[in-house]
Ligand SMILES: [Zn+2]
């Protein structure tokens, strides 16, 4: 399994963004800059509200 993408809703501005579940760098909200995911070495730690999973293609 190469990993999936998930929609994550920003807790601050409710912007929805697609985040790679195994992101190796921090992912910030494109609108307000809040950290949405932090790299942990495995699955990223998601900071926002996780929405649907988007299968990797
Ligand atoms: Zn935001």
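Even glycines carry a Cβ here, placed using N, Cα and C.
Straight from TrEMBL, the features:
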| type | residues | note |
| --- | --- | --- |
| BINDING | 10, 13, 29, 32 | Zn(2+) binding site |
| ZN_FING | 10-32 | zinc finger |
May I ask which residues of the same chain, at least 6 positions away in sequence, place their Cβ under 8 angstroms from the Cβ of residue 29 (Zn(2+) binding site)?
10, 12, 13, 15, 17, 35, 36, 48
For the zinc finger (10-32), provide the mean pLDDT of the predicted model.
96
Taking the center of the Cβ atoms of 10, 13, 29, 32 at the recorded Zn(2+) site, which other residues in this chain have a Cβ no more than 8 Å from that point?
11, 12, 14, 15, 30, 31, 33, 34, 36
Please state whether DSSP places residue 10 (Zn(2+) binding site) in a helix, a strand or coil.
coil
Far apart in sequence but close in space: which same-chain residues, 6 or more away, have a Cβ under 8 Å from residue 32 (Zn(2+) binding site)?
10, 12, 13, 15
By a simple count of other Cβ atoms within 10 Å, which of 10, 13, the binding-site residues in the record, is least packed?
13
